[in-house]
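So that you can see what the record holds, here are the features copied from TrEMBL:
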- 18-82: disulfide bond (DISULFID)
- 31-92: disulfide bond (DISULFID)
- 62-72: disulfide bond (DISULFID)
- 1-93: domain 'SRCR' (DOMAIN)
- 110-154: domain 'SRCR' (DOMAIN)
């Protein structure tokens, strides 16, 4: 449940990611996007088996601070020079501890706190070096949709 071949959904199709430039910073973003904590590890050469269908991303180069792969530097969707033998994988191993503190969040980063699962909770935002809450005055479903999208949820 915390490791496998990485597949992305784009333009109505599921597809794989080529492992060119694939590293642990990319894995960190995938683990975060999936709501998984633990040690992120990038795996190459179809470690978890070859996918089928389109290869949708190539040359993914995350800094590690992004909230989703879509925010990372990468090739255009569908532009790649790979075969499925190069499908990228990730392990978000919850049984090992990170040897370094997590990166400082970017201004405006949001998170959910106090929920029963990673997909629910109180909305908090990082601003001026601190986490704070968001007042519900004027809070709408549209605002909630923006937060969900920012956290990588559909």
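Glycine too: its Cβ is placed from the backbone N, Cα and C atoms.
Of the recorded residues, residue 92 (disulfide bond) and residue 62 (disulfide bond) place their C-alpha atoms 16 Å from one another.
Among residues of the same chain six or more beyond the domain 'SRCR' (110-154), those with a C-beta under 8 A of the stretch's C-beta atoms are 32-36, 67-68. Distance between Cα atoms for residue 31 (disulfide bond) and residue 62 (disulfide bond): 12 Å, as a whole number. Between residue 62 (disulfide bond) and residue 18 (disulfide bond), the C-alpha separation comes to 14 Å.
Annotated pair residue 72 (disulfide bond) and residue 18 (disulfide bond), C-alpha to C-alpha distance, rounded: 14 Å. DSSP assignment over the domain 'SRCR' (110-154) gives 10 helix, 14 strand, 21 coil. Per DSSP, the secondary structure of the domain 'SRCR' (1-93) breaks down as 16 helix, 29 strand, 48 coil.
On the 0 to 100 pLDDT scale, the model's mean across the domain 'SRCR' (1-93) is 91.
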